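Residues annotated as substrate binding site in Swiss-Prot, with sequence analysis given as evidence: S9, K41, L77, K91. The ATP binding site annotation in Swiss-Prot covers S9, F10, H17, G92, L93, R94, E102, Y126, A127, F128, L129, S130, S131, S132. Under the heading site 'Transition state stabilizer', Swiss-Prot lists H17.
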Amino acid sequence: MRRAVCPGSFDPITNGHLDIIVRASKLFDEVVVAVLINKSKAHLFTIEERIDLIRDAVRSHPDAPTNVVVDSSHGLLVDFCRVRGIQSIVKGLRAVSDFDYELQMAQMNHSLAGVETLFMSTNPQYAFLSSSLVKEVARYGGDVSGLVPDVVLKGLRDRSAP
């Protein structure tokens, strides 16, 4: 079975993330979305909320894949891959600046565990998009409806409600 992981903090998941996950699901038998736990980072959504948001977003996508599972991970991503028998990491690249960092990570992951990294170019309509940008725009009452799945939009609105 060809298995891949799409890692990230997904705080929150964006339409750009979702696009990469759905596209990866067409290339692999199973795609595991690994929600990375970083306790030193302040998150808007809890790990459980992020997992639920991702599951709901994938399920409600027009091309809803049935081969996507969501899990959480702390520690080294290659250890997560090794324990679960995952051979590939899928990463979306928005710009050349992403490539510099991601290439170093890919080389390290390969040297540590022989895990391959597949880079997918982001759909141009999402090239500027990041979770941080979504949170910033939403924090000031901006419209993020075209940037995140509906379930995330509801979650963001619930967070900003008085």
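Using N, Cα and C of the backbone, Cβ positions are placed for all residues, glycine too.
What you see is a predicted model, and the numbers here were worked out from it, not measured in a lab.
Candidate binding-site residues: S9, K41, L77. Nearest to L93 (ATP binding site) by Cα distance: S9. Ranked by how many other Cβ atoms sit within 10 Å of their Cβ, the binding-site residues S9, S131 place S9 at the bottom. Considering only the residues assigned to substrate binding, S9, K41, L77, K91, the longest pairwise Cα distance works out to 21 Å.
Rounded to a whole number, the C-alpha distance linking S9 (substrate binding site) with S131 (ATP binding site) is 9 angstrom.
Local packing around the binding-site residues H17, K41, K91 was summarised as the count of other Cβ atoms within 10 Å of each Cβ; on this measure the leading residue is H17.
Comparing Cβ neighbour counts within 10 Å across the binding-site residues L77, L93, A127, L129, the minimum falls on A127. For the pair L77 (substrate binding site) and S131 (ATP binding site), the C-alpha distance works out to 20 angstrom. Distance noted between the C-alpha atoms of L129 (ATP binding site) and K91 (substrate binding site) is 14 Å. In this structure, the CA atom of K41 (substrate binding site) is 14 Å away from the CA atom of S131 (ATP binding site).
Non-local neighbourhood of E102 (ATP binding site): K91, L93, T117, F119, each in the same chain, at least six residues away, with C-beta under 8 Å from its C-beta.
DSSP gives L93 (ATP binding site) a strand state.
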